[in-house]
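In what follows, a single structure is set out as structure tokens and then discussed.
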Amino acid sequence: MKKIVNTVIVLVLPVLMALSGFIYYAWVVQKRTRDAAVWIGNTNIIIDKARTVAALDMAYTNSIRDMLLMDKSTLPPLNFSPPDSMLTTLRQLEIMTKNDTPRQKVLIAMRALLLEKIEYNNQILAIAASQPAKAKQLITAPAAAEQRATLLKLFNKLLQVNRTSLLNRVGNDLHYTLYSFWTTIIISVFALILIGGEARFIYQLFRKLKARANRLQKREQSFMRLAEESEHIHYRAGIDGIFTYVSKRAAEITGYSNTELIGQHYSIFLDKEVFENLQAFYWQQIKTGEDYTSLEFEIITRSGTKKWVEQLASLVSDEKGHAKEFQCIVRDIDREKRTDDQVMYLQKRLDAILDLMPSMMFMKDMPGKFLLVNNRFTEIMQVEKNDIIGKTDAELSHYPWAARYAELDQQVIANGGRVKMEDSITVNDKTYHFLITKFPLRNAENEMIGICGIGQDFTEKADYIKAIEYAHQVSKDAVNAQEIFLANMSHEIRTPMNGIIGMTNVLLQQSQLTPSQMDYVAGIKASASLLLVIINEILDFSKIKAGKLHLQNEPFEIYEVIDSALFPLKLQAQQKGLSFFDKIDNVIPHHLLGDEIRVNQVITNLVENAIKFTPDGHIRVKVTLVREEEHTVQLGFEIKDTGIGIAADQHRHIFESFSQTHTNNAREFGGTGLGLAISKELIELQHGFITVESNINEGATFYFELPFTKNHSLPLHKNDSNKLPGSEKVLQGKTILVVEDNDINQQVAFHTLRNAGARADIVSNGKAAIEMLTFKSYNCIIMDIQMPEMDGYKTTRTIRQNGTNTCIIAMTASALKGERERCLAAGMNDYISKPFEPEELYHKILKGMGETVPDFVEKAAASKASVSPANFNAAYILMSGDSDHVKLLLEELLNTIPQKFIEMKQLTAAEKWEPLYMLAHQMKFNLEVVDMHQASNIAYSIERDARLEENTESIPTRIQTIMDIYYQYVHLVRAHIDQC
């Protein structure tokens, strides 16, 4: 290659010299031509400027001459001067010709003459100011003419000098151009002769080079083809690490295409630490001149994942032996590397697991030699690994366990399956219990190649089982003792407790008791009743825990069960000043199979809890249909309150027996802590579940679900005697709101409506009614007139102002004239007086809703019974339902009326007429519902006079008269209770 380069240099050098000469002469000619053009241009400018000077002088001189020769009475200005441009142009001409002596001399003469002429003209102008005639003579004198002639000659001489210089310059340039032309022709011919000879030589040389290049290209193509077809990456890179060639395989291994990598540095694939190691390694290869090296390292692919590769690097040097580039082959070994790492990791992990596992483990080959034992084996067997590995049980016969294990090995070999045995080993006075399991080890061809044994330590389990068996027996004995104790306690405590409650009832019905004595007896009764509830809860819980509580699966009407459970609870909530809202899906099937008593018990427990722990606010009960199938339904019950709430960390404890969320709860709210535990157990016995959501001071929400079976057969009615004529429930599916403050009338209205198929909600005042209507809509509203806080008139007007058009029926015991008209004027739809016949109430409800009234209801309402003259009649209360409800209502009368007598006396003595008026109103109705009309009329007179504050002096006597009538006929009430 060096020889070729030298030959080319020898051939090209003369040509370059000839070309250089040619270029030089061409440049000189071009330069002289350019300089001539510049000189000619300057000469023309000089001529033009000279003409300009002459023209300016002529104009200046003529202007003065003309001015002086004109006949004017005034003289020209004395400061008349030549143009500044004339002298400026002369100075420019002198500068332009500073290197041209002939022209410089002419210009200096012209300048001197012009200055002389200007001075002469200035003198004439000075004379003209005083002697105009003399000035005219001087301007026309021969001297002035001579000055002009001399200046003209000088100008012509300047033109002649310029013309002569121009001709000389053109002649010289023409001669030099001819000389340069012929010189260039000679050089060009010589260069062409050299180029022709050298071109022939170069042509032959390039033919040889092309042939050599073709051979190299074929070799390169073969290399490229092999590189591209290889499963490895082939690349070339300079010693600076920049890729100059990369095979297409790079895309599969690295994610970068080969075209992207050209011009990139190899550090693109490496993190900092690996790059520094590789850089040091390959600089060492360059330093030592080692031809080939192999290195394994991790690269980072385009996706960011790491991959192991092996690189074979070949160092390529130039002719002088200097490192030129690397030619490398990169092989993907990631799978192999990671497999090796994983195998190593698994081996280490297996060793760690075997050594840390609490069970003994060992492996033997077919002759019975130990191949592997773990730490637990050596610990229990009191042997070192080195003393046992490679030995058989026969060689270890001095160990007591060797013979037993050898026998078990033979069973595994004979059966080819798993063999187990329990073994006890005593080490350092401690006995270990092991379950030894041995099984065969097989190769890929399913040939037995050895035996593996695992000894599972169940010492703690064995001890635990013994302890459990002992504890179970102790627990069983304790449960039996508890059952016997609770059974005896139930009998021994319930009997006197019933006696206490019965005697307090008798005492409360005695009029001779003072108010203080009445309070003491009522406290005794309340405490005894509470104690009886606690005893019943304990007995129920005991039955549940003993598995002796059996659920019934009988037909029941779900709406009746829910209403029966909620009705007394609503009254309880209202007495505490709480609002009570309930909502039951109307799509729930009516007739189901299950244990209605336990459903009632769960609802009662949860709602009573909500009332107990809610100082103010409201209670909401919601029953929904969660799921319905052909034969079953799932119902959801939600009880939500605004009470004191439950801390989050107490949620899992509240369903435990005898559990209270706070130690103060038992003292402040009472109870055993069994209510929720019993409820949870009863729900789970019925295959349901219960949850709670609550926080401190944020109320609580209890939710439970129960499954029921649908009752497709004809439902069994418990109170067939109370069915309406015509066997129809005329208000089936209707929802009615009863706004009534009297407890007795609430119960009568509730059960009367329920007997007709309606669902009734009870509130005790107008404010509660308005709040209830914001939560729930109704088909009809039964509205009492005289109520505390907000009476029926104001409540009705507020309801109408709120845009509610629901039918409202007034219900009052007032006999005042115009009462009906006042009700209608307030916005009510109809009016019914208390006491009322059921059919009359149904008739007015259906009529108010605009629905068809059945014939039997129409006839029954038209033939309303007359008032009985008797002093006791339970016919009105009998409308409330079955004998159980009648009994409850009558007992309520006996419990409340005596207390009301005492309160009436106290209010009269204190002359508190407004509370007395309200209490007399309630007393009037309580007496009216059992047809004690004489006493009821006296109560009405007290109500009227207390409202008007008239005849108040006779009120104590009238109260005593009512008491006498009541106690005269109270035995009839007790007799009716005994018959129920």
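Placed from the backbone N, Cα and C atoms, the Cβ positions cover glycine too.
Those TrEMBL annotations? Automatic predictions, nothing curated.
Copied over from TrEMBL:
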{"type": "TRANSMEM", "residues": "7-27", "note": "transmembrane segment"}
{"type": "TRANSMEM", "residues": "179-203", "note": "transmembrane segment"}
{"type": "DOMAIN", "residues": "219-289", "note": "domain 'PAS'"}
{"type": "DOMAIN", "residues": "293-345", "note": "domain 'PAC'"}
{"type": "DOMAIN", "residues": "346-416", "note": "domain 'PAS'"}
{"type": "DOMAIN", "residues": "488-710", "note": "domain 'Histidine kinase'"}
{"type": "DOMAIN", "residues": "735-849", "note": "domain 'Response regulatory'"}
{"type": "MOD_RES", "residues": "Asp784", "note": "4-aspartylphosphate"}
{"type": "DOMAIN", "residues": "882-976", "note": "domain 'HPt'"}
{"type": "MOD_RES", "residues": "His921", "note": "phosphohistidine"}
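Cα-Cα distance from the residue listed as 'phosphohistidine' to Asp784 (4-aspartylphosphate): 12 Å (rounded to the nearest whole number). With DSSP states grouped into helix (H, G, I), strand (E, B) and coil, the domain 'Response regulatory' (735-849) comes out at 51 helix, 25 strand, 39 coil. Look at the domain 'PAS' (219-289): DSSP puts its residues at 41 helix, 12 strand, 18 coil. Neighbour count (other Cβ atoms within 10 Å of the Cβ, all protein chains): 26 for the residue listed as 'phosphohistidine'. Secondary structure of the domain 'PAS' (346-416), assigned with DSSP and counted as helix (H, G, I), strand (E, B) and coil, comes to 39 helix, 10 strand, 22 coil. Following the DSSP three-state reduction, the secondary structure of His921 (phosphohistidine) is helix. The number of other Cβ atoms within 10 Å of the Cβ belonging to Asp784 (4-aspartylphosphate), over all protein chains shown, comes to 27.
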